[in-house]
Amino acid sequence: MFYQENFDVIVIGGGHAGTEAALAAARTGQKTLLLTHNIDTLGQMSCNPAIGGIGKGHLVKEVDALGGLMAEAIDHSGIQFRTLNASKGPAVRATRAQADRALYKTYVRSVLENQPNLTLFQQAVDDLIIENDKVIGAVTQMGLKFRAKSVVLTAGTFLGGQIHIGMENFSGGRAGDPSSITLAQRLRDRPFRIDRLKTGTPPRIDARSVDFSNLEAQPGDNPTPVFSFLGNRQQHPQQVNCFITHTNEKTHDVIRKNLDRSPMYAGVIEGIGPRYCPSIEDKVMRFADKDSHQIFIEPEGLTTHELYPNGISTSLPFDVQLQIVRSMKGFENAHIVRPGYAIEYDFFDPRDLKATYETKFIEGLFFAGQINGTTGYEEAAAQGLMAGLNASLFSQGKEGWSPRRDEAYMGVLIDDLSTLGTKEPYRMFTSRAEYRLSLREDNADLRLTEQGRELGLVDDIRWSRFNEKVENIEKERQRLKDIWINPTSENIDQVNSILKTPIVREASGEDLLRRPEVTYSSLMTIEKFGPASDDQQASEQVEIQTKYAGYIQRQRDEIEKSLRHENTKLPFDLEYNKVKGLSNEVVAKLSDAKPESIGIASRISGITPAAISILLVHLKKHGLLKKGK
C-alpha cells in the first residue's frame, strides 16, 4: 500500500545526521518526511554526552552558519562549556560542551515537530524502491510505501548492528534498539562496496556510589563560551563540574588477565574501531609502557545520577568491567547502571559517493553519517545537513553544492571521504585541513552564511544579524585605521604602557593592534581609541583579521593558485584507457573512482601531477575542458 501523499525528500533515521538532513530539506521548502524506528529517540546521544572539541567544534559552527540545529541545541542543553586550546592561535581554538542528554533530545524533538514542511512518521524501513537505478521511495516494516524524488539514508550503527559484551553477542542498533537487518540485506544486493566497522561505549556509573573527594574537579570556563552565532549565555542551563580519575597498574593487570574474554582480541569482532577513541583494552595493549590513562568523569544530566566515564569504552564481560571500574581511585564501591559494549555495523565505502553525498550507482539516493565510515555526532550532523540540502536541490532539478576544502571543514570531510575513503572510523581534526588558518570557528559564518542564504538555508533573523555583524566589523576596522598617534601625542604615555617598545613614528590604531602584545581590549583602555564596539563578535573579528592579515593573504594566494583546475569537470563516462600516456595503474584507479573533477582526481592516491597534465591535454584536445562552479 502506498501512502496517500508524495514527498520531495525522505530521510531515513532520526539521529544527528538524520535530524539535520530533514531540517535542511524542509527549510529549503521541500516537502520532507522523516522516518524513524522510534520518535522518542530523535536526537538521542547514543554515546558520550558532549558536543564539540578540536575539529569537531569547527564543524558544529559551520552547521550553525548554514542554519543547522546542533549549536542551538547544545546552547540550550549544555551543562559545562569550555574553550579548548584557548592559549593557542584562533585556528585551533575549539568549543566543547557537556550536554544534559534529556534536555538535548527534548530540544531537538521540539524543533523537528515545529518545523514547517516536515512530517514525522514512526516505522523502521525495510527496503528502498528503486527503478532504473533511481530511488523513488521507501518501504517500511509494515509494508507501507512512501514515494519521494530523493532519499537520504542516515542509518548510523543500525545496519546489521551486532552488540558484543564479552563472548555474548546479539543483534541491535544500540543498547535497547533493534538493528536494521532486512534493509542491510537489501542494500548488500546493490553494487555498493560494504565492510564492517566497530565502535564502543563505556559502562555508566551511579554517581551516588562514587567518592568525589578523591577525584580532581574540572570546572568549565567562566564566562561560558557560546556555540551558536545567534546564541547567548542566558540560554545555558545550570553549569556543573566534570571530574578526572586515572586507571592504574591494577586496572591494567585485570585487563591483561582477561584478554581471552575480549571479543576484539578473541577474533569475534572483525570490524576496525576508532583510532582516536580506542577501547580501554586496546589502550592498555597498544601503550604498554604507560602506567595509567586519564579518565574524564562526565555527568549525563542535571536530573540523573548517571556518570559517563570517558576513556574506558570496553566490550569485556560485565564481571571484568566491574573489576576495571572499582580498581580506579574514587570508584572502589561504584555501581554500574549500564554495562559497556561494542557494536559492529555495516558501512559503505564513501568513495562510491559524489561530493554532494549522492551515491554514484543510484540516482537520488544520498548517504550521511556513520554509514559513510565516520564517527562522532558532529561529523554526522555536517554530513546530514549537506546530504539534506543536496537531496532538496536534486528534487528541485537543481545542481548540487558542496564547499571546497579551502572553504570549510565540511569540504575537507567530504573530499577526504569521497577521494581517499576510510578503513577505520573517520573523525575530524584541524590537522586534516591544509588551510586551517582560514577555517576558524570564529569565521564560520563569514565563510558560509552568505552561500547558505542563496541556497535557502538561512532565515531572515540570522541573515539580518549576519549583515549587522559584517557592517560592524568594517566600521570598526575603518575607525581604527582613521585614528592616528605619534611620539608627541597627548596620550603617548598611556599608549606606550601597553607596548613592549615605545612608538617612534606615527601609527594608526590598526598598526598598534597588529603588535603581538596588544589586544583589542587593551587598546580600548586608551581613551583616544575607545569606546569598544558593542558587538563582541565583531570586535573579535577585528582583532583576528588585523593581526593575521599577512598570513591570511598568503594563504589566499596559495588557494587561488591551487584552484586553477580544481573544478575542471571530468565526464563520468570518460574512457581513461583511451587517454594516451596514462599508466595502467592510473587508468585503473581513475576508472574505479570516476572522479567528478580534476581537483578530486589529483587527490586520489597514486595519481601523479604528470597524469593530471595528460588529462588536461586530453580534455582540451577533445573539447571537454569545462570549468565547474
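Glycine is no exception: its Cβ is also placed from the backbone N, Cα and C atoms.
Sequence annotations record features per position, and here Swiss-Prot assigns FAD binding site to G13, G14, G15, H16, A17, G18, V125, S180, Q370. DSSP assigns A17 (FAD binding site) to a helical segment in the three-state reduction. Around A17 (FAD binding site), the same-chain residues six or more apart in sequence whose CB sits under 8 Å from its CB are T154, G156, A368, G369, Q370, A380, A381, Q383, G384, A387, listed in sequence order.
Annotation comment: Swiss-Prot describes 273-287 as NAD(+) binding site. Under DSSP, K283 (NAD(+) binding site) is assigned to a helix (H, G or I) in the three-state scheme.
The binding-site residues under consideration are R275, K283. Their Cβ neighbour counts within 10 Å are lowest for R275. Fewest other C-beta atoms within 10 Å: among the binding-site residues G13, E281, M285, that description fits M285. Put simply, G15 is the one of the binding-site residues G13, G15, V125 whose Cα lies nearest to the Cα of S279 (NAD(+) binding site). There are 21 other Cβ atoms within 10 Å of the Cβ belonging to G273 (NAD(+) binding site). In this record, FAD is bound by G13, G14, G15, H16, A17, G18, V125, S180, Q370; the longest C-alpha to C-alpha distance in that set is 18 Å. Within the set of binding-site residues (V125, C277), the lowest number of other Cβ atoms found within 10 Å of a Cβ is recorded at C277. Cα to Cα, V125 (FAD binding site) and G273 (NAD(+) binding site) are separated by 27 Å. For F287 (NAD(+) binding site), the same-chain residues 6+ apart in sequence whose C-beta sits under 8 angstroms from its C-beta are H293.
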